[in-house]
Amino acid sequence: MTNFFNWFFFFINIGSLGSVTILVYIQDNLGREWGYGICACAILMGLVVFLLGTKRYRFKKLVGSPLTQIAAVFVAAWKKRHLELPSDSSLLFNIDNVTEGSMKKKKKQKLPHSKQFRFLDRAAIMNQSGLEANKWSLATLTDVEEVKMVLRMLPIWATTVIFWTVYAQMTTFSVSQATTMDRHIGKFQIPPASLTVFFVAAILLTVPVYDKLIAPIAKKVLNNPQGLTPLQRIGVGLVLSIIAMIAAALTEIKRLRTASSHGLTTNPVAKIPLSVFWLVPQFLLVGAGEAFTYIGQLDFFLRECPKGMKAMSTGLFLSTLSLGFFVSSLLVTVVHKVTGNKKPWLPNNLNQGRLYNFYWLLTILSCFNLGIYLVFAKWYMYKDKRLADEGIELEEADPTFH
């Protein structure tokens, strides 16, 4: 499965490579309508190919909304907040107690009771009459344990958001920096947006290097058949993002010094005699970091989400990307308000700004975030190990064919 995620992400970025090279060139030289038209045709072709394989796809049976299950467990636990928890977890309501007709019986793997988040166990306390109630007043212990699994993942989820905040800078301020620098290779001028080709190239290089070189070594050294675990891969990505921000800050200092020495700081459209390739290290580092973080997150959330909540796993993962961009916008807004009236870090004319301070801020935040991440990564126990410790073999969801 890990190999699948590696090459799945690899081929996604093959498409990205075309978009930041061929399409950018076409849009700059022939017009945006050509770029949009080519994209529309490519999407249409992809849709046709996707639909052709519909009959061969595997679909998992729906077992209800995971959000409803989470809400129901919390509501049921709140309703019984004054009840005393039994010392013996076998007295709590579980899937073995579910009968046909009263509550809809779900085909779920029975999960062992855990001692974390015990306040949620109240959702599985049976009423005195012994009769079953609806899901908003009574949940099985297995449903409760599935909700606990999601709660255990939330610290990892939260501490990966900052990586995508760093990532956002590669498509915003780094491109803005590129517009002020010498982008020529001979007589050919590189479009600023095409600089992300180095970003994509780093991903395309990192995936096979990891798969063919790093993973085999890690398997032997760490005695892990997967190579690096998902959490270790995410950790590597976070470290690379910190190094990238350090490189970005140092490059910006170099850019401003060059602009100042040539008297170009007051001209926002001036071309600074500094090669745009000074920006390449930060693109390469964030690109390599994305290869580790993206695949690590995808593997982690798909693997660790409960059997009945698999549909939620990709949602949790992708929400970190969107939140990363929101956090980036929030940071920019705060920096504007704090520094705007004095010595602005992020003015319209970057040559008169202090963008390097913004990069240092991200470096500090990323280091702080990494420390928190390491604490929770150390605390986290993988689902298969937790079940193995209880003598339970992990079951996979049964697919259905259409």
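Along the chain as shown, residues are numbered 1 onward.
Including glycine, each Cβ sits where the backbone N, Cα and C put it.
Model, not experiment: these values are computed from the prediction.
Over in TrEMBL, the protein carries these features:
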- 7-27: transmembrane segment (TRANSMEM)
- 33-52: transmembrane segment (TRANSMEM)
- 150-170: transmembrane segment (TRANSMEM)
- 190-210: transmembrane segment (TRANSMEM)
- 231-250: transmembrane segment (TRANSMEM)
- 270-295: transmembrane segment (TRANSMEM)
- 316-338: transmembrane segment (TRANSMEM)
- 358-376: transmembrane segment (TRANSMEM)
Rank 7-27, 33-52, 150-170, 358-376 by Cβ pairs under 8 Å to the transmembrane segment (316-338) and hand me the top one.
150-170
Using a Cβ cut-off of under 8 Å, list the residues of the same chain at least 6 residues beyond the transmembrane segment (150-170) that approach it.
66, 70, 116-117, 196, 199, 231, 234, 237-238, 241, 244-245, 248, 282-283, 286, 289-290, 293, 297, 300-301, 304-306, 309, 312, 316, 319-321, 323-325, 327-328, 331, 359, 362, 365-366, 369, 372-373, 376-377, 379-380
Interface-richest range of 7-27, 33-52, 270-295 toward the transmembrane segment (231-250), CB pairs under 8 Å:
270-295
Ranking 33-52, 190-210, 358-376 by Cβ pairs under 8 Å to the transmembrane segment (270-295), which is first?
190-210
